[in-house]
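Peer 1: Below are the features I grabbed from TrEMBL:
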DOMAIN    53-504  domain 'Major facilitator superfamily (MFS) profile'
TRANSMEM  49-66  transmembrane segment
TRANSMEM  102-121  transmembrane segment
TRANSMEM  130-149  transmembrane segment
TRANSMEM  155-176  transmembrane segment
TRANSMEM  188-206  transmembrane segment
TRANSMEM  226-249  transmembrane segment
TRANSMEM  321-346  transmembrane segment
TRANSMEM  358-378  transmembrane segment
TRANSMEM  385-407  transmembrane segment
TRANSMEM  413-439  transmembrane segment
TRANSMEM  451-470  transmembrane segment
TRANSMEM  482-500  transmembrane segment
Amino acid sequence: MSLPPTNQEKYWPSIAEKIDADQEQINQQFDLDPADIAIHAPSLRGRKLTAAVAFVAGTGFTLLGYDQGVMSSLITGNQFEATFPEVVVEASHPNHATLQSFTIAIYEVGCLFGALSNLWVGDKLGRRRTIALGGSIMMIGAILQTTAFSFAHLIFARIFTGCGTGLITSTVPTYHAELSPSAKRGRMIMMEGTLIVAGVAIAYVREPLFPFWIDLALFFVNWSSAQWRVPISLQLVFEIIVVACIGFLPESPRWLVKHGRNAEAMAVISAMEDKPPSDPEVQRTYYGIREAVAVETSTTGQGSLRELITGGRSQNFRRTVIAVVCQMMQQLTGINLVTYYATILFQRLGLSDVNARITAAANGTEYFLASFIAYYAIDYVGRRQLMLIGAIGQSIVMLLLAILGYINNGPAQIMSVVLLFGFNTFFAIGWLGMAWLYCAELAGLRTRAQANALSTASNWTFNFVVVMVVGPSFNNISWRTYIVFAALNAAIVPVVYFFFPETGGRSLEDLDVVFALAHTTGEDPVKVSLRKDIPLAGSREADEILGVSTGVQYYQATKPSASFSLSSETRTPV
């Protein structure tokens, strides 16, 4: 006698039928074998995957901030000067001010070479392997810097380390953007900016549990070269974390689709969304990526650097120029006047060696805390508005610093110290993580690696220029240096307002639709980007605007019309 079926057993046939139907749908609509998708499924899914990607990306940018901030105080330490007398600025050696700037700025030259190399290696290696390569190069460079005993040795080590940094900084934002949901992408990548500052602060902070500053604490170790070797060697901790952890993360689904690894891409998208491959949102995302690859392949054929100067619906040249200018402007704000020369600036304002270092440490800590303003505001206020707020505030602060520098009395010096904290606050709000986020979002899939390589190269080029100029500039024109940066910040405002489209609230593929629509209608891309009726990538209307069809009809058949609301935090059909 058989027992009556349980409730669960009653539903087994329907569950099995649904699974079979889902698999058949994936096979028919996307030409993908569910078994292949399952094989490539990442071990982490949903929030755990998002957190792991954010951790590795954040560690990479913490490393960048640490490497930038650590040299600020070390370069004026007595043991550093004893080992490298070339950086000691004296009346008998006025050219040493240039060598001092050169020691700091030569790192940017290495970063430039590393970023430019990504033009060729980025798409060949993929995002993960490029990050691993950059981290490995930085590990070797850190060892070379720590063991330096001659000025030439130190300079070579800083260039070598910079090459790895250039690879990481031109890849991590792209990788993070491509593995982040559009509704949270702003916050995720703005956190990288916060962690740059955390790296600068960690250059002073030994452990979160103890309020000790590395550079400040070791400043008193004036009998040993450990005064500067230990802080430099500590960057190895971050480099090991990046290289060790990146191997456990999946590759970008955009890169996978671009290279024909579609089943693996679907598995990663499914893991990102923490939904099965049959879920409509997973399939829409996959279809949108396929659509982006199809439109660029149909107009430019095989990928090459020449695509960076193409127009048409893709508007690659416009997007590349905007990204390059964005990173250039980030450096022309004058932020590295504070980041690299914090201790020297505070000494110029009358503080003693110890007090200057304490103030520089506090400045870095305040900088870190201010960066959280942008983290919480980015997905509500928008990219353009924060950039404008930052540039206006920075220009006003620089102008006030020039006026106080001209007055140059005790109260004026105290106010100047306060204003340097204010400058960091405005930069943290508008430009710290924004340049990395905006450039990662702006470029199309086919040119994203190359465009980010060029924009990052632009960042490091002007970083080098600013750092090289600031030292001699203060020696020659003193407080007038602030007037130059006040004017540069003022010039940023109209550039952003008239030429920078809004990228917030959209998927990376939606931006292809924005630029294509602007081209076909002859409208200004900035005005188009602010519209609320732009079709979502993957809809029939988007296909018509892009002028391409991938042959995948699932999303078109089930969702014939969709657009998105810019004011919404999430991308929802309206």
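Here the Cβ of each residue, glycine as well, is placed from N, Cα and C on the backbone.
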Peer 1: Any chance the transmembrane segment (155-176) and the transmembrane segment (321-346) have 3 or more Cβ pairs under 8 A, given the pairs are 6 or more apart in sequence?
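Peer 2: These two stretches do not touch.
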Peer 1: Under a Cβ pair cut-off of under 8 Å, which of the recorded stretches 226-249, 358-378, 385-407, 413-439 contacts the transmembrane segment (321-346) most often?
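Peer 2: Counting Cβ pairs under 8 Å, the winner is 413-439.
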Peer 1: Are there residues at least six beyond either end of the transmembrane segment (385-407) with Cβ under 8 Å to its Cβ atoms? List them, or say none.
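Peer 2: Cβ under 8 Å, 6 or more out: 329, 333-334, 374, 377-378, 413, 415-416, 419-420, 422-423, 425-427, 429-431, 434, 438, 478-480, 482-483, 485-487, 489-490, 492-493, 496-497, 500.
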Peer 1: Thinking of Cβ pairs under 8 Å, which stretch from 102-121, 130-149, 226-249, 358-378, 451-470 has the most of them with the transmembrane segment (49-66)?
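Peer 2: By Cβ pairs under 8 Å, 226-249 leads among 102-121, 130-149, 226-249, 358-378, 451-470.
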Peer 1: Pop the mean pLDDT for the domain 'Major facilitator superfamily (MFS) profile' (53-504) in here, whole number is fine.
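Peer 2: A mean pLDDT of 83 is what the predicted model shows over the domain 'Major facilitator superfamily (MFS) profile' (53-504).
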Peer 1: Excluding the flanking five residues on each side, which residues at least 6 beyond the ends of the transmembrane segment (451-470) place their CB within less than 8 Å of a CB in that stretch?
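Peer 2: Sequence-distant neighbours of the transmembrane segment (451-470): 98, 101-102, 104-106, 108-109, 111-112, 115-119, 122, 162, 166, 169-171, 173-174, 308, 316, 319-320, 323-328, 330-332, 334, 336-337, 340-341, 435, 439-440, 442-443, 481.
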